[in-house]
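Per Swiss-Prot, the features are as follows:
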REGION    1-212  region 'Disordered'
MOD_RES   Ser31  phosphoserine
MOD_RES   Thr34  phosphothreonine
MOD_RES   Thr48  phosphothreonine
MOD_RES   Ser53  phosphoserine
MOD_RES   Ser55  phosphoserine
MOD_RES   Ser73  phosphoserine
MOD_RES   Ser78  phosphoserine
MOD_RES   Ser83  phosphoserine
COMPBIAS  89-105  compositional bias 'Basic residues'
COMPBIAS  115-134  compositional bias 'Basic and acidic residues'
REGION    142-145  region 'Interaction with P-TEFb'
COMPBIAS  181-212  compositional bias 'Basic and acidic residues'
COILED    208-278  coiled coil
REGION    227-287  region 'Interaction with CCNT1, HEXIM1 and HEXIM2'
REGION    266-287  region 'Disordered'
COMPBIAS  266-280  compositional bias 'Basic and acidic residues'
Amino acid sequence: MKDWEQKKVASPNQPPPAALEEAKISGTCGSPRTSPEPHDPGGSQPLTPRMESHSEEEDRPGAGGGLGWNGRSPRTQSLGACSAEAMLARKKHRRRPSKRKRHWRPYLELSWAEKQQRDERQSQRASRVREEMFAKGQPVAPYNTTQFLMNDRDPEEPNLVPQGASHPGSSGESEAGDSDGQGRARGEFQQKDFSEAYERYHTESLQGRSKEELVRDYLDLERRLSQAEEEMRRLRQLRGCTNWRPCYQVEELAAEVERLRTENQRLRQENEMWNREGGRRGGQPGS
C-alpha cells in the first residue's frame with residue numbers, strides 16, 4: 001500500500017484514465033469539453049484507494065450487472081446520448097409540396113372534350129356507387145342529371161303510330177313507307193346533331209369572350225337587324241309598285257287595242273263605201 005501511494009505521489013500531474021476517456025468521448029460527440037481540475041503539484045491530497053477503486057469500477061464495462069442508466073460508465077452514457085441525437089436528426093421530417101399537383105379548373109373554362117370526359121367520369125362513378133349501394137341492400141335513387149333540361153328545350157312530336165302496327169295496303173307500299181320513315185328519322189337525327197353541335201360551338205365562343213366584346217357584338221347585331229328591316233321594307237314597297245304597274249299597263253293596252261279596233265272598223269266601213277261609190281261612177285259612162 002505504501003509503495004502504491006508513493007507511485008501516485010511521484011506522478012501528480014498525470015490525469016486519471018477515467019478523465020481521459022471522458023474527454024475523448026465528449027470531444028467526439030460534440031459536447032463542450034470541460035477542463036479537468038488542476039492538481040496541486042505540491043501534493044495537497046493524493047488519490048486514495050477508495051477513489052481509485054471507484055474510477056476502476058466505472059471503467060469496467062458492465063459494472064453492477066450493466067442494468068440501468070445510473071450503473072453505466074460515462075462512455076456508455078455519452079454514446080447513448082450521441083445515438084439519441086443522431087436518431088432524432090434522422091427522423092426529422094421536412095414537409096415539401098407534392099410534385100404531382102392537380103390543377104383544378106372551373107367547368108365553364110373547360111373545352112367540350114374535357115367536359116365530356118368529366119361528365120363521363122362522374123356518371124361512371126355514380127353508377128359504381130349505385131351498384132355498391134344496391135349490393136348492400138340500401139335504397140338507390142336515380143342518377144341526377146340535367147339532361148332533361150336540354151330535352152325540354154327541343155321537344156319532339158310524339159310518335160302516335162306504334163312500331164308494330166300494320167297499315168292496310170300492299171307489301172310494296174309498306175316497304176316504301178318503312179324506307180321513308182327510316183330516311184326521315186335519319187334526317188331528323190342529322191338535323192338534331194347539327195343543331196346541338198352548332199349550339200355548343202356558339203356557346204363556347206360566347207363564353208370565351210369578354211364583356212366589352214359581347215356588348216360590341218350586340219350593337220353590331222342591332223345595326224344589322226335595322227338594316228335588314230329597312231331592306232325588307234324597301235323590297236315590299238318595290239314589289240307593290242311592280243305589281244301595280246303591270247295591271248295599269250294591261251288596262252291601258254286593252255283600252256288602246258279597243259280604240260284601234262274601233263278605228264279599224266270605221267276605216268274599213270269608209271273603204272267599202274268609197275269602193276261602192278267608185279264602182280257606181282265607173283258604170284255610168286260605160287252605159
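Just so it is clear, glycine is given a Cβ too, placed from its N, Cα and C backbone atoms.
As a whole-number mean, the pLDDT of the coiled coil (208-278) in this prediction is 80. According to DSSP, the secondary structure content of the compositional bias 'Basic and acidic residues' (266-280) in residues is 15 helix, 0 strand, 0 coil. Summarised by DSSP class, the composition of the compositional bias 'Basic and acidic residues' (115-134) is 20 helix, 0 strand, 0 coil.
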